[in-house]
Amino acid sequence: MSSECARSDVHNVLTSDSMKFNHCFIISIIIISFFTTTKSVRVLLKQNLLPTCTRNLLFSAIINGIIHQCVTAVIRLRAFYHAIVYASDPCAILFQSSQCFFDGNLYYYTNLFSSFCCFSLFLDRLFSFKPRSSYHNHQTLASIVLILSQIVLPIGPLYWVFYDAFYTSYVLMCTYPPPMSVMKLHEVNNIRICVLIVLLFFAIFLYIHNKIREKRMVHNVYNINSRYKSYENYLATKSVCIVIFSQILCVGPTSSITSVFIRFRDSIPLEWFHLIISYLTGLTYSNFLLPLIILYQDKQIAKKRRIMIQRLQNKNETSFDHFDTLKSLWGKKTGNQETLF
């Protein structure tokens with residue numbers, strides 16, 4: 001039990017039906033995401049149509065998403081439990097920050113990991129820019145290096161955010177950072193969103209370039225393997241653009257709205273403030289969308305690849321028919337010449 005009692009308005013927010021519905025809504029999103037994630041993993045394992053490094057990075061994003069969803073579910077269940085058990089005890093309903101040390105740090109670590117994963121996906125597409133680059137022959141090594149970078153890099157920003165935090169304060173639930181870390185955390189989030197937007201801009205440039213190059217190869221290159229690799233590169237870049245955009249779409253507004261709410265907190269009713277903040281769990285929605293994107297893109301890539309292969313086969317069949325016709329005509333011509341002389 002905490003030694004700090006919640007104010008009556010805070011206690012009313014935490015025990016309100018609206019907040020309980022919010023917990024149920026977030027947990028429902030998480031449960032659905034587990035089912036779609038299972039399907040997306042099967043697709044990547046059995047029906048993979050992406051380059052090796054891209055696939056491995058998507059696996060790392062999925063695993064991180066599962067961990068984040070589990071942590072979020074535990075945090076929400078604990079908050080829901082407090083709202084029911086301590087509904088009449090405002091002095092026990094809050095969480096001391098020390099009680100949230102493990103959950104909170106893992107929650108924010110997986111949050112940053114997802115953005116570094118987007119950065120790795122972009123680097124993978126950037127290094128694949130040249131079709132004949134040696135990078136294509138070292139996909140497994142590249143994925144190991146990039147995944148290790150994703151694991152290590154979030155530690156730096158998180159250390160800066162939390163190194164001077166006091167864990168004796170109290171929070172409404174474990175998604176709330178200690179008060180000393182709030183502004184620094186929002187600075188990190190704002191920088192993260194800006195970096196993701198820049199990555200999306202350059203990823204779109206790569207996508208457009210790969211699309212133009214693929215169309216040119218249709219008319220200038222007749223090597224099936226080269227055209228196949230070019231088409232695969234174009235489709236993989238498109239998938240990465242969608243993944244980065246989905247994270248910006250989910251994380252960007254939640255970070256921006258939270259910053260605005262904190263700045264104008266005094267002019268916003270407390271109940272609305274905490275209720276809306278509780279819905280702004282951007283990465284939960286991003287993790288919900290990621291497996292859906294993988295499933296959708298897999299179907300699109302498989303469909304377009306079948307069309308592409310069929311076109312190549314039709315062209316080859318047409319070429320063979322053309323040469324067979326020429327051979328037949330040549331045979332007739334030489335036969336006629338033999339009869340004439």
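Backbone N, Cα and C define each Cβ position, glycine as well.
Residues or ranges marked as transmembrane segment in Swiss-Prot: 25-45 (among others). Tertiary neighbourhood of the transmembrane segment (25-45): same-chain residues 55, 58-59, 62, 65-66, 69, 72-73, 76-77, 278-279, 281, 284-285, 287-288, 290-292, 294-295, 298, selected by CB-CB distance under 8 Å and a gap of 6+ residues from either end.
The transmembrane segment annotation in Swiss-Prot covers 57-77 (among others).
Per Swiss-Prot, the feature transmembrane segment maps to 107-129 (among others); the stated evidence is sequence analysis. Under 8 Å from some Cβ of the transmembrane segment (107-129) lie the Cβ atoms of residues 51, 53-54, 57-58, 60-61, 64-65, 67-68, 71-72, 75, 135-136, 142-143, 146-147, 149-151, 153-155, 157-158, 161, 174-175, 177, 185, 188, 192, 195-196, 199, 202-203, 206, 209, 233, 236-237, 240, 243-244, 247, 251, 283, 286-287, all in the same chain and six or more residues away from its ends.
Long-range contacts of the transmembrane segment (142-162) within the same chain: residues 52-53, 56-57, 60, 105, 108-109, 112-113, 116-117, 120, 123-124, 127, 135, 177-178, 181, 184-185, 188, each at least 6 residues beyond the stretch ends and with a Cβ under 8 Å from a Cβ of the stretch. Among the features that Swiss-Prot reports, transmembrane segment is placed at 142-162 (among others).
Look at Swiss-Prot and you will find 188-208 (among others) tagged as transmembrane segment, backed by sequence analysis.
Here Swiss-Prot flags 242-262 (among others) as transmembrane segment. Residues 58, 61, 114-115, 118, 121-122, 182, 186, 189-190, 192-193, 196-197, 199-200, 203, 268, 273, 276-277, 280-283, 285-286, 289-290, 293, 297 of the same chain lie 6 or more positions beyond the ends of the transmembrane segment (242-262) yet place their CB under 8 Å from a CB of it.
Swiss-Prot lists 275-295 (among others) with the feature transmembrane segment, giving sequence analysis as the kind of evidence. Long-range contacts of the transmembrane segment (275-295) within the same chain: residues 13, 16, 18-19, 22-23, 25-26, 29-30, 32-33, 36-37, 39-40, 43-44, 58, 61-62, 65-66, 68-69, 72, 110-111, 114, 173, 175, 239, 242-243, 246-247, 250-255, 257-258, 261, each at least 6 residues beyond the stretch ends and with a Cβ under 8 Å from a Cβ of the stretch.
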